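Worksheet: one structure, shown below.
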Amino acid sequence: MDKIRVLIAKPGLDGHDRGALVIAQALRDQGMEVIYTGLRQSPEQIVASAIQEDVDCIGLSCLSGAHNELFPEVVRLLKEQGADDILVIGGGVIPAEDIPYLESQGIAKVFTPGASTKDIADYIRLALKEKKGKLLVNPPKKIAHIGIAVKSIEDSLPFYQQQLGLALEGIETVESEQVRVAFLKVGETRIELLESLSPDGPIATFIKNRGEGIHHLALEVDDIEARLKQLKENGVRLIHEQPKEGAHGAQIAFLHPKATGGVLLELCQYDQQTEEA
């Protein structure tokens, strides 16, 4: 596979490039080829260098406050030269209120000083896959359900039915997960009450450690196998690398909470008949 080529540039009158040099070295450490153009480059010089070096991405750094003029000018010149397939990202001292404007002008992503160099490298890889049509999966469709761990479905149902007025769609046993599930419809999503079938099942263990409450959030996706493959390639830690059968005949897989900021995320894919039911 060809290495990703990145041009790091300092447009305008900035006299400091320590941050840009740190980013340049970090991207090299991530296996990318990096060209650094130096200080006080005009948008015209930056675009000319990017085209000459045949780069995949331009990283712009600005500390002078002129980002709202300089960054969009680079994008405009790329379009003028027929090189708007080059990804443009930005960073530096940029107020949060300026970021929506820059993104509306074609800057794919603006990184603030708190961003890690790994986050920047991961974003470049993923964004280039999208630009080249290699990202074959769509974003999740919706929140499929919210899973709530309970000691007893029968003891918990009256609150949801009588106090919230939710209708019970049914109760199902999912042997593979050692759980009974009660389905309560809420608009386009569901609440699922989860009761363990055994004292050492995952739901029983969760309740023992944390008490009853929200156990996981489920997202409905189109192609769960492609999604899992993409996540694995991007270094996301998974509990299930292959989908397994869940309630309602859905194909499901869980992401590891350490990869999601402590949230247990489930991906689920339904067949057309189940989705329309």
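Any Cβ shown, glycine's included, is placed from N, Cα and C.
Automatic prediction, not curation, is the source of TrEMBL annotations.
Some features that TrEMBL has for this protein:
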DOMAIN    3-131  domain 'B12-binding'
DOMAIN    142-270  domain 'VOC'
COILED    214-241  coiled coil
Field: Taken over the domain 'VOC' (142-270), the model's mean pLDDT
entry: 94
Field: Counts of helix, strand and coil residues, the domain 'B12-binding' (3-131), according to DSSP
entry: 61 helix, 26 strand, 42 coil
Message: From the DSSP assignment alone, can you count helix, strand and coil residues within the domain 'VOC' (142-270)?
response: 39 helix, 52 strand, 38 coil
